[in-house]
Amino acid sequence: MHRHTLARSGAAVVAGAVLLAGCSGSSDDGATEGADAPACAPSEGPVELTYTGWVPGMEDAVALWNEANPDIQVTYNTGPSGNAGTYQDFFNQLEAGQAPDLGQIEFDTLPNFRVQDGLVNIADCEGVLEAGDQFVDWTWQQVTFGEEGSVFAIPQDTGPMAMFYRADLFEEAGIDVPTTWDEYADAAAAIRDEGAYITHFPRTDVNWFAGLVWQAEGRWFENDGEQWTVDLTGPQSTEVADYWQGLIDEGLVKDTAGFSDEWNNELNTGELWTWVSAVWGSNSISSGAPDTAGDWAVAPMPQWEPGADAAGNWGGSSVAVLKGTDHPYEAAQFALWLNTSEESLTALNEGGGLYPATTAGLELPALKEGLEFYGDQPIFDVFAEAAAATDPSFTWGPTMAQTYNDVADGFGAALSGSGTLLEALQAGQDATIRTLESQSIPVAE
Amino acid sequence: MSILTRTDGYGPTTARDGGKVRERPMSRLVAFVIMGAFTLYFLVPIWWLAVASTKSRGQFSSTAGLWFADFHLWDNLTYLFTYDGGVYLRWLGNAVLYAGVGAVLGTLLASMCGYALAKYAFRGRDLLFNIILGGVLVPVTALALPLFLIFSAVDMTNTYWSVFLPSLVSPFGVYLARIYAAASVPDELLEAARLDGSGEVRTFFTVSVRLMAPALVTIFLFQFVTIWNNFFLPLVMLSDDKLYPVTLGLYAWNSQTNAVPELRTAVIVGAFVAIVPLILAFLGLQRFWRGGLAAGGVKA
């Protein structure tokens, strides 16, 4: 029943999708989609699959599979990262019936593909449901949408969050490394007295902010199967927004854009002392601030409740079987192997720095070693704990790219002193509700 | 110069206040300052790119953007050309193929079409020409998605042809060829060729093409640059990165720099290397190009 409603709204969404307006021929009947997942049977004879993503080094893992499975050959294509073009390509290709068999989709975009009816439910494919308990809790929630008997993608990697900090500078200045957000604010003031900043507030990385709300157990979206609830300004979101608004008002955080040259330079010169970020951020720092090698360390995210261990997540992808494939069974087998087998996860970690979404994957030898850049600290242990402590029930909305854009506009205004972060969230919420309504996606008032 | 001298002689207004002597160097100076400012404005980004591509990753963000730090150009080039099995070289080759072959054939088609419109009277000629003129107004980006759906229908997306074939079309080239053919190929000459027993095709290739050469070079350059810079069509059409032109390849790399920061170096050096063919094409054909533009412009 639930899926039936979603599929119907999905068809309506396709008709309204920005670029495809007027080209929609896919008013697919919700009936085939509705009651049960289609049976998933192996194809006869040799099978060729196509797979599109943007993980560097993916070719190596695919080559391993192709060698071991002469009858199921996978061709991998690298595209631009999702929101930079590959998602739009997927939507175009779905429309034309030309989509690849498998596609990389970030967790925050899965609902978008779901409501636009682009995903195949692979729950009935051999081994898929059983694989659920191999994955970190929250990732499995994301790909099943919390529904019985449905699996719409296989989790690939995650971005558990922790705090990178300049261990040397904290020690020199005699400032304690913060463990709670209150202490973090105190440290921010102390660091400002040293002439530096504790961190930057990135105006465009709204998904970073979402990670902080996630840690505080806020919920931006909920879907009861009938309609969506949009709540960017709930109590937890408000608390997080007010907290950072306070730091901004007192001039304790820099307004540099994340990942910019300026930001790299500020990291490199010691102007920024911490960055609460995801596991993949370790690479951003070591690459952008090479002069600070050995000076950084990683601690768990500061907590709202002293002694708690809540963590957020920023980023992470899944591999979905896309509508129109002739070989869902083989595609699902490949996706499972790719994201659970040790040889594949090792190759992906080496080649693309992927942080696995399986619990066993977090024990890879490469993720147990100390990193020279981080003073030989085995930093991944911190992230493994964060992954386990990430709230599983956070849900993304069906139009996140739009939501991010609208909130980012407001964040920019807040940083330049006109408006607040909370107003930005409110504006983002209003815009999101308008967008959902314009796409005939049911929204709860 | 000639314009400036002429206004001098004309005006009692300029002669007043003895402005005659002072104004000439003044307006020259103003002209030079404006030109200089714009030259600088256009060249600074290229200068920045040239400088940035010689820097190591660390110094890229920590040193001043417009001046050199330690010289790492060769390391960077090695990195660029070896990353991911040397795929960059392939992208460069693809771009040259799309833009080079596409521009040559596109120029041929456009010139034949423009020539026919200029030199043969037939029913519906003006209507046809106006429709083609209308095509000039349609941005190529707007056509990418319809083209994608058409190519999907015949199963030709994600092929070399899906980018190559649409690149052959140049309404602006047809327009330019028609104007130029009308102006520079005398009817009497064609008449003489016919009397001497030359067929229409032969006349076109032996006589008319030579007369139209400056226009052809112009069309070629325009078309070359248009295809080289056409980014959206390949983005929509291609999913196999082995078929990417260099613009799309660099874009794909750039979109991954959050996850793989090392790629920034490759993007910057790659962008620098990618403008070299364009510069070469312009410098090599510049002389013809100027002639072509002026002729088209005056007669239009």
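Keep in mind that glycine also has a Cβ here, set from the backbone N, Cα and C atoms.
Pulled from TrEMBL, these are the features on record:
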| type | residues | note |
| --- | --- | --- |
| DOMAIN | B:92-284 | domain 'ABC transmembrane type-1' |
| REGION | B:1-20 | region 'Disordered' |
| TRANSMEM | B:29-50 | transmembrane segment |
| TRANSMEM | B:95-118 | transmembrane segment |
| TRANSMEM | B:127-154 | transmembrane segment |
| TRANSMEM | B:160-183 | transmembrane segment |
| TRANSMEM | B:204-228 | transmembrane segment |
| TRANSMEM | B:263-285 | transmembrane segment |
Are there residues at least 6 beyond the ends of the transmembrane segment (B:29-50) whose Cβ is under 8 Å from a Cβ of it, and what are they?
-> 65-66, 268, 271-272, 275
Between the stretches B:95-118, B:160-183, B:263-285, which one has more Cβ pairs under 8 Å with the transmembrane segment (B:127-154) than any other?
-> B:160-183
Outside the transmembrane segment (B:204-228), six or more residues from its ends: residues with CB under 8 Å to it = 95, 98-100, 102-104, 106-107, 110-112, 115, 119, 140, 167, 170, 172-173, 176-177, 179-181, 184-185, 189-190, 193, 198, 245, 247, 277-278, 281-282, 285, 288-289, 291-293, 295-296
